[in-house]
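Colleague: This is the structure I want to talk about, given as structure tokens.
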Amino acid sequence: MAVPARTCGASRPGPARTARPWPGCGPHPGPGTRRPTSGPPRPLWLLLPLLPLLAAPGASAYSFPQQHTMQHWARRLEQEVDGVMRIFGGVQQLREIYKDNRNLFEVQENEPQKLVEKVAGDIESLLDRKVQALKRLADAAENFQKAHRWQDNIKEEDIVYYDAKADAELDDPESEDVERGSKASTLRLDFIEDPNFKNKVNYSYAAVQIPTDIYKGSTVILNELNWTEALENVFMENRRQDPTLLWQVFGSATGVTRYYPATPWRAPKKIDLYDVRRRPWYIQGASSPKDMVIIVDVSGSVSGLTLKLMKTSVCEMLDTLSDDDYVNVASFNEKAQPVSCFTHLVQANVRNKKVFKEAVQGMVAKGTTGYKAGFEYAFDQLQNSNITRANCNKMIMMFTDGGEDRVQDVFEKYNWPNRTVRVFTFSVGQHNYDVTPLQWMACANKGYYFEIPSIGAIRINTQEYLDVLGRPMVLAGKEAKQVQWTNVYEDALGLGLVVTGTLPVFNLTQDGPGEKKNQLILGVMGIDVALNDIKRLTPNYTLGANGYVFAIDLNGYVLLHPNLKPQTTNFREPVTLDFLDAELEDENKEEIRRSMIDGNKGHKQIRTLVKSLDERYIDEVTRNYTWVPIRSTNYSLGLVLPPYSTFYLQANLSDQILQVKLPISKLKDFEFLLPSSFESEGHVFIAPREYCKDLNASDNNTEFLKNFIELMEKVTPDSKQCNNFLLHNLILDTGITQQLVERVWRDQDLNTYSLLAVFAATDGGITRVFPNKAAEDWTENPEPFNASFYRRSLDNHGYVFKPPHQDALLRPLELENDTVGILVSTAVELSLGRRTLRPAVVGVKLDLEAWAEKFKVLASNRTHQDQPQKCGPNSHCEMDCEVNNEDLLCVLIDDGGFLVLSNQNHQWDQVGRFFSEVDANLMLALYNNSFYTRKESYDYQAACAPQPPGNLGAAPRGVFVPTVADFLNLAWWTSAAAWSLFQQLLYGLIYHSWFQADPAEAEGSPETRESSCVMKQTQYYFGSVNASYNAIIDCGNCSRLFHAQRLTNTNLLFVVAEKPLCSQCEAGRLLQKETHSDGPEQCELVQRPRYRRGPHICFDYNATEDTSDCGRGASFPPSLGVLVSLQLLLLLGLPPRPQPQVLVHASRRL
């Protein structure tokens, strides 16, 4: 229906409104001038000249309510809520019940400093046991290898071992090893399920995993398998001394992984790309931190195919860097320039590497080769001392197709005679250039020369530079034998999130008497520690729902934190969540983080913002932070406590009860946990905690309660297999909440006050909902510590309203079944002497429809419940929320901006929505007037639905597709470029999953598997305005008056506004829901990097280093039979099988 045009001085349409000029009317804007469609609300005092008109004699019956009227309505609402909560909530009665049962519990104190020091000491002891096991393994490995005698004629059948991939290959009839019949040397094992490993294992053997692109029958690999077999006895002895050990792993520099206990490899659906040398823990243990500049030749001589190889090579090179490293990437021809927005070295973290990888794809070949420009740029980058960097190994990695210039003058100026910067050169592609200059550059600067003729050589040749960096470490001997602990990452064998202690293993052999000692690293020894094992050392339930322990490393990344919950993990990358991203960042937390990284002790009480568990709300709270370093590690431990969690209750079942040797099920209060009592005492949900070792967990609370009761039939109160603190507190709270039913709830008529349920939840893990039938619609988490209403009630004074949550699809609520309710809860504060604590939360569940009607009555001018106000034609009345709901909008909105109640019947099914989705203009006005403020943050642990592939029907990414004319051109087929392309096509088809998808696709196809992504979150919370406030939403003829006032002792805002009668003033909506984001602008973030410290040890130089071994190529000699068969397979459309390649260099002879 069209809206009638409005004119200045005219009354608003409709019979019920008083005649008055429209706010905002005045002289008509001149030609070419446009009145703004919306603007900030104006305070009502600006309209004082108009107020006489609002009540002019002879006007229509109703006017916009006065401020004192709306304040009166607000007081009535406050009194009604307070009255219901006093009668049914039972806060005071529950306090009395606790005091009446004072003999059944003790009040214990959390002493932050003692507590955090104890936990830090326990973690130190745990890790120290792993360190001792690591040292035994590393020493044994070095001795075994030193005693080993190299065998040139060793054969596969001479070596017996368990091939971890054998079972998967036997199940695959097309496997290369099945075809070659080489299983004679492979053991077949039986396995048993072990919950500690989340896997089936065999404790009598270790397993061996060899990368797909390494030929397991090569002499180097067979000798490696031969001498590492002796490690199995050391693995077993370590486990005998420490049964809690998890995976013990030796990652060899040849690519062989031997791990204990044996378990079948988790083979992916595509080609298995696992190579231990590319794992974060191996890279960290094999070398010291790096400052790396990658320079890429993009001159015109770099053909399309060669440039594609370079791009892929750079991306693979970036994957060998960790968060302790710094990097920049530049392209060069006549000039050098960075490929991205980064103008200096930046930390090689996941997000920065992503920027590089995307920027590298945009490189274009043109111009002429200018090595001098590229090297001068790289040396300038490394000499820049005004930025944060690793300050250890310095290196330049140059990718080129070849050239004649040796740029000796550049090296003389920047690097000689000390040669502090290593130069690694990479000849990329098939070409006829003289590679002598590239070899000379590498050899003259303590580096190495590599060849990458085709795609299959990329992985091996972009990681072997680590051998060179490991030389000073090997030559340093015992000084370099220091255990390092990694970032958090995802275990490849399914253990979940782990950290790994690493220790390098050195080659102690000498070529002969008086000869120089060997300077090759043999590999890295590693022992995993599951994060869950560390968490078990921290207090779980004595800190309360909002207290927690956290730990960070030298990068500020969290090792422990309740918000460390990655929804997906990238197999190839560590899980790096900064402490300031795990919480809402502020200056106080920056200071705490810096102090922890510096290894200091400290304590600080701060006011800070916290995000609710459901991520819909923000609360400003007080928190006490206490922190200490964990000795012998790079970690620091912190403890966070709210002031009300300084004390906690500990059940003290009397001697008489404990002397009863009958099962716990015979104790008095236990009967109130039985379902048979629910009808009279209300339904009980128990938190799914680890009360006893033999208790079977279940996501279904009814099933869990059943399991719990069955176990209690067998367990006595002092059983050693149970956690007495948890168990006794559960039974104590069962009895206390039952007394609340008996004293308060049972004798009250909930229907009188339109209540669907009353409830109580406790620190002890009990949630009691009354009456029993209300449990059918109870959707809150049975673990109070994981329930948003529980945690928010503890942090807020007064009554916390929680409307039903509506999902992002904006489906309306279903009101037909009369079970949609609004939770109102409050914490029970208990004072015992001078000790104050909050051991429980109580509340009610309001019937939405009934309370919406009640809301209209309370916000009306009725003088009696059943007597509406009367206004004659000559009398003046103010509009109210009941009689004038067609003209007046009245709502209650909570502190997050979500609709709680409305006087508009059509809005009842929108309760729980963000109010901007209900009335965008009004919500914007509230925000602009500081009733609400906004907090934006990023969730770096989100999971997003898979994006539809953008290259369906195309050739594998990075592969050049020749034209028909090329195929018909004989000269093209005989050229070196054609041969190079053919190799590229073959290896691209065989191994293209290296570049198409992440190896983690083992668990699902890319079409169905969620991927890690960044989501931008926006939450709203109450601003600085506490008083009653009147304003106008100025929008010309669509202007609206509104009034807003906070309700005392609640998290509600009472808003009264004129309803909009036209839509021409639609303003931009405030958004609250999560949105997909690229995160903050990385180019800006690197200009103000967060504080961090690198490892305190650095091995980048040793005067005895032998740099004569400085270069060789690695190409794959083609087999005519293989190539012909692969071509036939391609023509027939059959998928080719990868052929074994010897990717272990001769220098690896051990």
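A Cβ is built for glycine as well, from the same backbone N, Cα and C atoms used for every other residue.
As listed in Swiss-Prot for this protein:
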- 291-469: domain 'VWFA' (DOMAIN)
- 485-574: domain 'Cache' (DOMAIN)
- ASN386: N-linked glycosylation site (CARBOHYD)
- ASN418: N-linked glycosylation site (CARBOHYD)
- ASN507: N-linked glycosylation site (CARBOHYD)
- ASN540: N-linked glycosylation site (CARBOHYD)
- ASN624: N-linked glycosylation site (CARBOHYD)
- ASN861: N-linked glycosylation site (CARBOHYD)
- 1-41: region 'Disordered' (REGION)
- 297-301: motif 'MIDAS-like motif' (MOTIF)
- 19-1113: topological domain 'Extracellular' (TOPO_DOM)
- 1114-1134: transmembrane segment (TRANSMEM)
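Give me the lay of the land around each of these features.
Modeller: Counted with DSSP, the domain 'Cache' (485-574) comes out as 5 helix, 35 strand, 50 coil.
Look at ASN386 (N-linked glycosylation site): DSSP puts it in coil.
For ASN418 (N-linked glycosylation site), applying a Cβ distance below 8 Å and a minimum sequence separation of six or more within one chain yields no residues. According to DSSP, ASN418 (N-linked glycosylation site) sits in a coil region rather than a helix or strand.
ASN540 (N-linked glycosylation site): 16 other CB atoms within 10 A of its CB, across all protein chains.
Secondary structure at ASN624 (N-linked glycosylation site), taken from DSSP and collapsed to helix, strand or coil, is strand.
Break the motif 'MIDAS-like motif' (297-301) down by DSSP state and the numbers are 0 helix, 1 strand, 4 coil.
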Colleague: Sorry to bug you, but what's the C-alpha spacing from ASN540 (N-linked glycosylation site) to ASN624 (N-linked glycosylation site), rounded to the closest Å?
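Modeller: Their Cα atoms are separated by 17 Å.
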Colleague: Between the glycosylation sites ASN386, ASN507, ASN624, ASN861, whose Cβ has more other Cβ atoms within 10 Å than any of the rest?
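Modeller: When each Cβ's neighbours within 10 Å are tallied, ASN861 tops the list.
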Colleague: To the nearest Å, how far is the Cα of ASN386 (N-linked glycosylation site) from the Cα of ASN861 (N-linked glycosylation site)?
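Modeller: Spelling it out, the Cα of ASN386 (N-linked glycosylation site) and the Cα of ASN861 (N-linked glycosylation site) are 70 Å apart.
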Colleague: Could you give the Cα-Cα distance between ASN540 (N-linked glycosylation site) and ASN507 (N-linked glycosylation site), in whole Å?
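Modeller: Pair distance, Cα basis, whole Å: 45 Å.
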